[in-house]
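One structure is given here, and the rest of the page talks about it.
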Amino acid sequence: MEGFGSDFSSGSSSGKMDTGTIMEQVKVQIAVANAQELLQRMTDKCFKKCIGKPGSTLDNSEQKCIAMCMDRYMDAWNTVSRAYNSRLQRERAHI
């Protein structure tokens, strides 16, 4: 059992993961999860709004509705994200 965790307790960096690398990986994973959630919510909302009778194809009005709905959803998401990030920056400046 002596070897268990020895890479972490020893001074060598061969077995250690760099904290910065781990943080970057976590940030990427969070960004991917957020993008997946955004896409899923947008798809659900726009489908419910624009598709009255699901079929094998979308008619012209459904295609236009989906495109406009997704554009509006993304615009709203970006507006909220900018406002949220701005607020976080202001709060961090006061700390």
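Glycine is no exception: its Cβ is also placed from the backbone N, Cα and C atoms.
These numbers come from a predicted model, not from an experiment.
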Stated Swiss-Prot location of motif 'Twin CX3C motif', expressed as one of 46-69, 70-93: 46-69
Tally of DSSP helical, extended and coil residues in the motif 'Twin CX3C motif' (46-69): 15 helix, 0 strand, 9 coil
Other CB atoms, at most 10 A from the CB of Cys50 (disulfide bond): 18
